[in-house]
Amino acid sequence: MSDSSSVYDWFQERLEIQDITDDVTSKYVPPHVNIFYCLGGITLVCFLIQFATGFAMTFYYKPTVTQAYNSVSYLMTDVSFGWLIRSVHRWSASMMVLMLILHVFRVYLTGGFKRPRELTWVTGVVMAVITVAFGVTGYSLPWDQVGYWAVKIVSGVPAAIPIIGDFMVELLRGGESVGQSTLTRFYSLHTFVLPWSLAVFMLMHFLMIRKQGISGPL
């Protein structure tokens with residue numbers, strides 16, 4: 001008996017992984033499913049690329065107003081393949097947004113949001129909002145002129161909301177003006193809060209799809 005077979009048997013005896021494999025591989029796929037039904041999966045792949053490249057960049061990025069821009073420049077010019085890692089991160093971000101939009105259109109046009117899949121649609125909408133938040137927070141992290149003024153404009157938008165507007169602006173900025181506290185908050189949102197939030201809603205989304213199956217043709 002080979003070593004690989006022995007290892008498999010060890011796990012099979014304890015976890016019954018063959019049953020899990022059979023369940024995954026035997027799931028019924030309706031005949032009307034075509035390439036456009038892969039858009040959600042492509043969005044997931046883009047997110048995984050984002051996670052991997054973003055994690056790699058945290059080894060070099062310094063979230064301070066005095067060092068952020070220089071750390072990004074160092075990553076692009078001095079770190080081996082740093083330019084490639086950041087470029088892939090940016091390209092996959094654009095691709096993720098595009099695939100998400102196309103996925104939403106596909107689901108809407110094929111009626112995939114209708115009963116009994118309303119909650120699947122709701123989790124998808126929440127993930128779309130989180131994805132936009134990713135773009136807004138990530139755009140500011142290089143802390144160049146574009147990033148700074150983007151933060152200033154975006155964080156000032158809630159000021160138009162009656163009663164709580166000023167509070168929301170101060171909450172986003174970490175004070176009355178844009179500065180170190182703002183960058184720290186946007187960095188925390190971009191690298192911790194938003195990824196984990198998206199991961200939770202993705203899990204919910206996939207579990208519901210797994211339970212209810214793919215919607216039928218119109």
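The backbone N, Cα and C atoms fix where each Cβ goes, and this holds for glycine too.
Now, the feature entries from Swiss-Prot:
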type     : residues       : note
TRANSMEM : 35-55          : transmembrane segment
BINDING  : Cys38          : heme c binding site
BINDING  : His89, His190  : heme b 2 binding site
TRANSMEM : 93-113         : transmembrane segment
BINDING  : His103, His205 : heme b 1 binding site
TRANSMEM : 119-139        : transmembrane segment
TRANSMEM : 189-209        : transmembrane segment
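Inclusion criterion for the binding-site residues Cys38, His89, His190: a C-alpha placed within 10 angstroms of the C-alpha of His103 (heme b 1 binding site); this criterion is met by Cys38.
Cα to Cα, His190 (heme b 2 binding site) and His205 (heme b 1 binding site) are separated by 21 Å. For the transmembrane segment (35-55), same-chain residues at least 6 beyond its ends with a Cβ under 8 Å from one of its own Cβ atoms are 85-86, 88-89, 92-93, 95-96, 99-100, 102-103, 106, 134, 191, 195, 198, 202, 214. Residue density at Cys38 (heme c binding site): 14 other Cβ atoms are found within 10 A of its Cβ, drawing on all protein chains shown.
Looking at His89 (heme b 2 binding site) and Cys38 (heme c binding site), their Cα atoms lie 21 Å from each other. Minimal Cβ crowding within 10 Å, among the binding-site residues His89, His103, His190, is found at His89.
Within the chain, the transmembrane segment (189-209) has long-range Cβ neighbours (under 8 A, six or more residues past its boundaries) at 44, 47, 51, 54, 58, 117, 119-120, 123-124, 126-127, 130-131, 133-134, 137-138, 141. Under 8 Å, Cβ to Cβ, and six or more positions away along its own chain, His205 (heme b 1 binding site) finds Thr120, Thr123, Gly124, Met127.
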